Structures are given as structure tokens and as C-alpha cells.
Amino acid sequence: MALVIKLSGRVFEDEELVFKYAGVIRNLSGKVAVVTGGGEVARRYIAIAKRGGASNTFQDLLGIYASRLNALLLISLLKDAYPRVPANIEEFLEAWSGHRIVVTGGFQPGQSTATVAALVAEAVGASALLNAANIDAVYSDDPRRNPNAQRLRELKYDEFEKIIRSSSLPGGYELMDVWSISILKRNCITTYVFDGRRPDHVVAAARGENPGSKITC
């Protein structure tokens with residue numbers, strides 16, 4: 001069975017956490033695809049470029065290269081992983097055909113790493129996407145802004161999309177976007193959202209347990 005893991009870029013802001021994830025991924029059975037976010041490096045570089053008047057496309061490129069840098073770091077800790085970071089879905093599939101573990105970052109401007117993870121999950125025929133996020137579950141509203149936000153243990157993609165589209169959640173509190181949801185929904189790929197600070201939750205979700213929120217068709 002193929003596993004697809006989306007790692008929040010915030011994971012890479014904690015050195016020990018990166019090592020723990022490497023250990024968990026190394027010990028997973030079967031084939032594993034990992035998509036990394038850009039994290040603080042991406043946010044900082046994008047902010048500087050934006051201040052300097054760079055185009056949105058150029059800002060996106062900075063985010064992409066930051067995510068690929070995180071991917072390369074993880075690859076360096078996974079001795080049996082494909083040694084390069086695929087730059088598009090074609091390169092990913094070529095790497096996937098001959099390696100047990102493939103790690104990638106962003107693919108192209110205008111496309112989030114959440115969408116990349118959804119595309120990868122679709123391409124490899126994964127039944128689930130494991131989203132190690134910067135929040136411990138999906139909430140009815142952004143819990144950092146609304147203390148009355150309800151934690152949602154199980155929900156459908158239609159409900160999730162409404163939450164992401166909500167005007168009170170700019171960016172969907174960095175969880176996913178409507179494009180990634182569309183891809184996952186059309187393939188009926190289950191998504192598990194859980195606290196990215198807990199690498200052990202990857203193991204739990206890989207077993208079909210729900211350590212945070214479970215999103216289904």
C-alpha cells in the first residue's frame with residue numbers, strides 16, 4: 001500500500017522533530033511519498049520579495065525552492081530515498097517507479113504543496129493522505145481567532161470546503177485549499193489531519209486510526 005504524507009513546513013523549524021520524522025518514515029512499510037512545505041524560510045523570503053516589489057509568480061518560486069530545500073534535507077536523513085527532489089509530477093512518477101521513498105516539494109507557481117500532495121496521492125493510487133499540519137485537527141473556525149471553534153473529528157469534503165472558503169479563515173489556516181480538496185474528493189481519497197508536532201500520529205493514521213480529523217467523500 002502506498003502512503004502519502006504532507007509535512008507542514010513548520011516541522012523543519014525544529015531540528016529534533018525532523019530527525020524523528022525521518023525515523024518514522026524510514027520504519028514505515030511499503031512505498032512512501034512525502035511532500036514538504038516551505039515553512040518559515042518560505043514566509044521570510046516571500047515577505048522580503050513582496051516588500052521589494054517582486055511579482056506573485058516570483059514569490060511563489062521562492063516558496064517552491066524553500067519547500068524543495070526542506071525536501072532535500074529530509075532526503076539526506078533517509079538513506080534509501082530517491083536522492084533528488086522531483087520538480088514535477090512526471091519526474092516524481094519516474095522516481096516512484098524505482099524507489100521505495102520519494103520526497104518532493106512544490107512543483108509550479110500558483111500551486112500549493114497541499115495540491116502537490118493531492119496530485120501525488122492521485123497519481124500513486126493512495127487510499128489516504130496523511131496531513132501533518134500546524135494544527136491538531138480541523139475546526140469549524142480558526143481556533144487561534146475564535147475560542148469557540150469546534151473541533152471536528154470526522155467530516156465530509158463538502159463541509160471541509162465550506163470551512164476553507166469561509167472569509168473568516170484566510171488561507172484556511174494553512175491546512176489545504178480548494179484545488180487540493182477537489183482532487184482528493186474526485187478520487188475519494190481519505191485525508192487525516194493531525195498535529196505535525198507528533199510524528200507518532202503518522203504511524204497511527206497509517207493504521208487507519210484517527211489522531212485528529214478524518215475527512216471523507
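Cβ coordinates are placed from backbone N, Cα and C, and glycine is handled just like the others.
As annotated by Swiss-Prot, ATP binding site applies to K6, L7, S8, G9, R10, G39, R43, N134, Y139, D142. According to Swiss-Prot, the feature UMP binding site maps to G38, D60, F107, Q108, P109, G110, Q111, S112, T113.
Note on proximity: among K6, R10, Y139, the binding-site residues of the record, the Cα nearest P109 (UMP binding site) is that of K6. Its own atom aside, the Cβ of P109 (UMP binding site) has 15 Cβ atoms within 10 angstroms in the protein chains shown.
Sparsest Cβ environment among the binding-site residues K6, R10 (other Cβ atoms counted within 10 Å): R10. A straight line from the CA of R10 (ATP binding site) to the CA of T113 (UMP binding site) spans 13 Å. Candidate binding-site residues: S8, Q111, T113. Fewest other C-beta atoms within 10 angstroms, Q111. Across the residues the record lists as binding ATP (K6, L7, S8, G9, R10, G39, R43, N134, Y139, D142), the two Cα atoms farthest apart are 24 Å from each other.
In three-state terms derived from DSSP, S8 (ATP binding site) belongs to neither a helical nor a strand segment and is classed as coil.
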